Amino acid sequence: MRPAIENSRVAPAALALGNLLVSAVILALPEIFGVDRTVTIAMAVGLASLQAGQAAAVQTDHRNSTKRLFSAALVAASSATGAILLTFPEALSAPEFVALSLIGLGGVVTGIATGGHASELLSGGKRASYQAFILARNLGWLAAIIAFGVVDPKWMMISAPVAWVIFLLIPTRRAVSQTTWATLAAGSLSAMLYRNDVNVVRGMASTQDFRLWHYYLIGYILVQAMLGFLIINELYSRRELIRERATLYIRAAVLAVLVILASAGFAIYFILPDRVGLIIVLAIILPMGVVVAVQAALVHIHGGSNWVYLAGTVGFSVLVVCAVIGMSPEIGFLMELTISGCVAGCGSLIFRNDGSDSTQRSGKHRRHSASSSQGQLTRGKKTISNGAMA
């Protein structure tokens with residue numbers, strides 16, 4: 001794009017808004033076409049996993065690799081199998097989670113492969129091109145969804161592997177990867193888990209409340225997406241400045257706000273009547289999600305990405321336990337955000353403003369002091385020796 005567009009603050013924001021709208025339409029189309037709720041959940045899993053792989057690529061500064069054909073084959077094998085199992089459940093008796101897992105795997109691989117090019121654009125300061133690339137990818141998938149939905153809504157999920165493989169086969173400029181695959185895999189796996197928390201919550205909803213939860217979670221995802229745009233453009237682009245200004249007291253204050261919101265949510269859930277309590281708890285969950293996202297960004301900026309991945313995985317595990325024992329979706333969501341936020345918040349408190357672990361820094365300081373003392377002692381000996389020689 002032209003430099004004037006790349007340097008504009010309006011163009012990236014407008015393109016990001018377009019991405020939000022397209023993502024919302026992708027999530028809403030299954031309900032509009034009247035397909036089974038399993039397909040609705042699968043579509044949400046695919047989108048969340050795609051975004052998880054892309055986020056891991058951007059956060060770890062992964063660049064394009066030369067294994068695009070291998071990625072396309074893996075995506076075709078995994079996501080196509082999962083989509084077929086959902087489309088024709090009578091053909092092979094298999095648990096739904098197997099199909100959803102295969103679709104999620106395909107989404108993550110696609111997100112990593114296409115996110116490599118997105119990361120390259122973002123690291124080059126091309127924010128508008130970054131948003132335009134993501135928008136083009138989402139529009140391509142949306143077109144495939146509509147095409148399959150018009151032919152037969154039952155086949156709607158087949159659009160995912162078809163669109164994803166096309167994305168991977170489109171040539172893009174390649175660069176040397178800056179990330180080890182172990183780091184990228186860990187980030188992708190944990191991101192796929194905690195970005196799919198909304199789909200676990202969606203699955204926990206009762207039949208009569210499913211539509212309410214489905215559209216509420218679309219709104220929640222849109223808020224998170226808008227926040228993600230601001231974090232990428234305003235925080236990640238100013239890492240050094242944010243690292244200096246996000247002092248220990250500010251990070252502690254963020255954790256305190258999270259604890260206050262969580263306490264209010266739990267109190268309202270147990271005190272107020274069911275329907276009234278549900279609406280208020282849903283209203284509290286939105287700012288809690290914002291606080292947790294900002295907190296995670298601060299930890300990333302201070303070099304504690306592993307704490308974020310740990311927090312998200314632990315929180316997701318708690319949510320799954322809540323689903324297994326039959327707890328309500330709102331209390332499960334509250335518990336997940338509270339625990340993941342507290343783990344990430346505690347992790348953020350061990351980092352100094354230079355981004356280093358306080359224990360590591362003190363160890364380095366001790367080693368530096370010891371080496372300095374040894375150097376002074378050596379210089380002293382040399383001085384004495386020189387004096388004796390004189």
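Heads up, the Cβ atoms here are built off N, Cα and C, so glycines get one too.
The structure displayed is predicted, hence computed values, not measured ones.
Copied over from TrEMBL, here are the features:
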COMPBIAS  370-390  compositional bias 'Polar residues'
REGION    357-390  region 'Disordered'
TRANSMEM  12-33  transmembrane segment
TRANSMEM  39-57  transmembrane segment
TRANSMEM  69-88  transmembrane segment
TRANSMEM  94-116  transmembrane segment
TRANSMEM  128-149  transmembrane segment
TRANSMEM  215-236  transmembrane segment
TRANSMEM  248-272  transmembrane segment
TRANSMEM  278-300  transmembrane segment
TRANSMEM  307-327  transmembrane segment
TRANSMEM  333-351  transmembrane segment
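Beyond the transmembrane segment (333-351), the same-chain residues lying 6 or more positions past its ends with a Cβ under 8 Å from any Cβ of the stretch are 194, 197, 201, 248, 251-252, 254-255, 258-259, 262, 265-266, 269, 281, 284-285, 288-289, 291-292, 295-296, 298-299, 302-304, 307-308, 310-312, 314-316, 318-319, 322, 357-359. If you count C-beta pairs under 8 angstroms between the transmembrane segment (94-116) and each of 12-33, 39-57, 215-236, 248-272, 307-327, the highest count goes to 39-57. The stretch in closest packing with the transmembrane segment (215-236), judged by the count of Cβ pairs under 8 Å and taken from 248-272, 278-300, 307-327, is 278-300.
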